[in-house]
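Annotated in TrEMBL:
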ACT_SITE  ASP254  active site
ACT_SITE  HIS303  active site
ACT_SITE  CYS407  active site, amidino-cysteine intermediate
Amino acid sequence: MLRVRCLRGGSRGAEAAHFIGSRLGRVFTGWVQRTFQSTQAATASQNTCAADDNKATNPVPKDCPVCSYNEWDPLEEVIVGRAENACVPPFSVEVKANTYEKYWGFYQKFGGQNFPEGHVKKAIAEIEEMCNILKQEGVIVKRPDPIDWSVKYKTPDFESTGMYAAMPRDILLVVGNEIIEAPMAWRARFFEYRAYRRIIKEYFNCGAKWTTAPKPTMADELYDKDYPIRSVEDRHKLAAQGKFVTTEFEPCFDAADFIRAGRDIFVQRSQVTNYMGIEWMRRHLAPDYRVHVISFKDPNPMHIDATFNIIGPGLVLSNPDRPCYQIDLFKKAGWTVIHPPVPLIPDDHPLWMSSKWLSMNVLMLDEKRVMVDANETSIQKMFEKLGISTIKVSIRHANSLGGGFHCWTCDIRRRGTLQSYFD
């Protein structure tokens, strides 16, 4: 049986500290463990969820337009990205580490230029239709500003062109009434936040909290310039050894490596999210939220939601090709783990920045409604067997730019309260 309680601190914080510390060496181990202990001590000095522990809480101001605690409460307002002016990122080491070898020639040829015009036009039309359907379902839709991403820019540490504002999930994380801007890890995405500032300022002026994580310099020291990438087997070995293209020089993370389940937030160490970034987020959200590091058998980890997608209280989609090493944490809490069917997207369809498993990158409108690709009939049947109605939209050309429905959106407001779904 799934148990719902309000919790703070706890043994899993120590487990996460041990996991992070084991990866980063003895010095960092002591540092992380001390921070977890200090958080637990501070929590113990408060009223530790005594008589009120079994009550759901909602600390968000009544009129605040921003409020979202999980991935499945009824969706009321959302940001949907834009494909306009999307540019191919320059073929730098961090881009190479996150893309498939068959597309490296594409990046080498078109880096810094616009994605193919005809393909982008079709993606724009698909996302417009997606927005129209969301509105028909009663959801308020906001869009980022169009920007010319081909403009070259230079910092004291690097030069680059931009990429796009297509995937708000990558850069924005909503926790309660707070919007957190992720620092990102690709140089081509350094200024991506500019497309969202108008919207965020509007939310801030209406009462939302607004936090910008420490912006990395993205100097050469953040990247392993000699990161050895030759084959899928090499990637598996490196990931198993905890080796990634990003170092621990400074905090970095993409928001899409985090996924929310009330007081518990799950994150993976990936090519774009390092342990310093995870630790910054853990400290920032403590003691009201607990950040758990989980990992997968994934040769190229980048963004968690096409590998592990929480779709309801006690219900999670887990990619069968990328099993989760900590899945017992969910099973012991009474969760149902669903393995989605093999995607149906054709082999010849270009996926420049992602895998076929975008089929499971779905957007829950509530516990009984899901937005799913119109072409993916197998996963539609899976949802129907679960008693979840499917809202079908085709975004195949939008998929090519690196995301599914979850990636293309950032839920700003869901009607619900803060709860804990783990003992």
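Just so you know, glycine gets a Cβ as well, placed from its N, Cα and C.
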Return the residues near ASP254 (active site), defined as same-chain residues 6+ apart in sequence whose C-beta is under 8 angstroms from its C-beta, sorted by sequence, else 'none'. ASP170, ILE171, ALA182, MET184, ALA185, SER270, VAL272, THR273, MET302, HIS303
Would you mind checking how many other C-beta atoms are within 10 angstroms of the C-beta on the residue listed as 'active site, amidino-cysteine intermediate'? 26
Specify the count of other C-beta atoms within 10 Å of the C-beta of HIS303 (active site). 27
